[in-house]
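As recorded in TrEMBL:
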- 236-428: domain 'Major facilitator superfamily (MFS) profile' (DOMAIN)
- 28-49: transmembrane segment (TRANSMEM)
- 61-84: transmembrane segment (TRANSMEM)
- 96-127: transmembrane segment (TRANSMEM)
- 239-263: transmembrane segment (TRANSMEM)
- 269-291: transmembrane segment (TRANSMEM)
- 303-322: transmembrane segment (TRANSMEM)
- 328-351: transmembrane segment (TRANSMEM)
- 371-388: transmembrane segment (TRANSMEM)
- 394-412: transmembrane segment (TRANSMEM)
Amino acid sequence: MPEQAVTALQAETRPAPPPLRRNRRFTLFWIGEGVSLLGNATTTLLLPLAAITELGAGPGWMGALTAAAWLPWLVVGLPAGAWVDSWSPRSVMITADVVAAVALASVPVCVVLDALTLTQLVVVALVNGTSTVFFRSAYVKLVTDIVPSEHLEQANGRLLGTESAMQVAGPGIGGLVAHAVTAAGALLLDAVSFMVSAVCLWRLGPSSSTSIEPSETPTLRSRIATGVAYVTHDHYLRVLIVIGCVSNFGLTGITTLLVLFLVDHVGLSSAGVGMVMACGSVGGLLGATLASSASQRWGSGRVSTLFLVGSGVTSLLVPLGASGPRVVLTVLGLFGTGVLVVAGNVIRGAWRQRYVPAELMGRVATTSQMINFGAMPLAGLTAGWLGAHLGLQVTLAVMAVINAVACWAILLTPLRRARHLPAAPAGT
């Protein structure tokens with residue numbers, strides 16, 4: 001019997017896997033992933049808030065904190081993606097969670113000892129950012145080990161939705177907790193969340209797949225080059241990554257100064273900051289919920305373009321806020337941007353999972369993230385410098401315009417007419 005026929009017969013006789021909701025390993029993984037992402041997202045608010053409330057930091061230090069958080073993507077992003085192909089992804093993720101927890105727990109300890117410095121906060125941001133790089137690089141590989149191929153799309157949809165929602169929900173939750181127990185105290189709870197994630201991942205048990213020996217794989221440089229070449233030679237990936245990179249520059253500039261803007265310019269307390277940030281959280285959750293149905297009804301390409309154009313408009317509202325009723329403009333801007341950015345990320349993320357060959361997914365994902373996130377350290381430093389020289393509101397406006405122009409650039413590409421994003425690369 002031909003080999004193809006034997007394979008087909010085996011596929012037909014193999015019992016169907018249980019539903020994803022009954023997959024214990026995926027459930028533990030999903031919980032661990034979600035909790036870790038929530039902890040990491042709250043850190044983006046709590047570290048600058050601790051710098052402001054505990055040490056009186058200004059725009060320059062806000063830029064330094066943002067740059068430190070995102071610099072690891074630029075420095076170790078590509079090697080990390082290649083390294084985890086030869087390591088146990090579960091062990092990498094557990095180690096990353098524990099390292100992040102220890103770094104964050106050092107902040108409240110130093111507050112109690114009256115030894116906290118701004119330099120320490122920058123180092124904590126750098127360590128946490130490095131842990132995030134390895135965690136995010138490893139999880140793409142681990143999910144294929146714990147989820148049957150029949151359920152990969154459903155699992156990826158849940159994970160992408162959770163990731164996008166937590167990235168937006170975390171700052172809002174962190175602000176509310178900081179009001180109750182101070183920003184430094186909230187970082188202790190943040191550290192606990194990373195330990196919860198590590199325990200969930202530990203309970204998964206050893207991976208059923210075997211690690212690839214270095215002698216059996218190409219060199220680190222060649223593996224990195226393969227991922228970079230695939231991204232740069234594919235027109236659709238290249239266009240979306242460039243747009244995402246410039247858009248992230250603008251959005252990162254906004255988030256760099258947003259907490260300081262809300263405290264100093266708008267005059268909000270920690271609770272008020274948390275409530276405003278929570279509006280963006282609600283928008284993100286709504287966007288993650290609506291993304292799939294909108295894509296199925298109107299087409300992934302059409303909806304992706306609409307969400308990009310719309311998020312450029314809503315981000316322009318953020319710097320228009322001021323004390324009193326005008327704070328509503330900032331709230332509307334954050335809410336609308338949360339809905340549209342998260343929904344677009346879910347749609348394009350799910351498309352990328354289907355579009356990119358499985359054997360290249362880890363390297364392509366890391367390459368894309370390195371390019372997108374690599375601009376963020378520069379955005380943080382730029383926003384900090386501009387904020388100190390031009391003022392907070394003017395700098396936020398400049399960054400919002402950069403984001404808007406990047407998003408509207410999609411209208412200059414062939415994707416503006418596509419009802420659906422392409423199913424496969426040309427020639428396949």
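Cβ atoms here come from the backbone N, Cα and C positions, even for glycine.
In TrEMBL, annotation is done automatically, which means it is predicted and not curated.
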Listed stretch, out of 96-127, 269-291, 303-322, 328-351, that has the most CB pairs under 8 angstroms to the transmembrane segment (394-412): 303-322
Chain residues outside the transmembrane segment (269-291) and at least six past its termini with a C-beta under 8 angstroms from it: 45, 49, 53, 161-162, 164-165, 167-179, 183, 258-259, 262-263, 303, 327, 330-331, 334-344, 346-347
Contact between the transmembrane segment (328-351) and the transmembrane segment (303-322) (3 or more Cβ pairs under 8 Å, separation 6+): yes
Intrachain neighbours beyond the transmembrane segment (371-388), with Cβ under 8 angstroms and 6 or more residues off its ends: 58-71, 73-74, 77, 231, 241, 244-246, 248-250, 252-254, 256-257, 260, 394-395, 398-399
Stretch-averaged pLDDT - the domain 'Major facilitator superfamily (MFS) profile' (236-428): 87
Long-range neighbours of the transmembrane segment (239-263), counting only residues six or more past its ends (CB under 8 A): 44-45, 48-49, 52, 58-59, 62-63, 66, 70, 171, 231, 272-273, 276-277, 308, 311, 315, 318-319, 321, 330, 337, 341, 348, 368, 371-376, 378-380, 382-384, 386-387, 392-393, 395-396, 398-407, 409-410, 413, 415
Distant-in-sequence neighbours of the transmembrane segment (303-322), which means Cβ under 8 A and at least six residues beyond its ends: 243, 247, 250-251, 254, 258, 261, 265-266, 291, 294-295, 328-337, 340-341, 343-344, 347-348, 351, 393-394, 396-397, 400-401, 403-408, 410-411, 415-416, 418, 421
Surrounding residues of the transmembrane segment (61-84) on its own chain - C-beta under 8 Å, 6+ positions past either end: 43-44, 47-48, 51, 92, 118, 121-123, 125-126, 128-130, 132-134, 137-138, 141, 220, 223-224, 227-228, 252, 255-257, 259-260, 362-363, 365-367, 369-370, 373-374, 376-385, 387
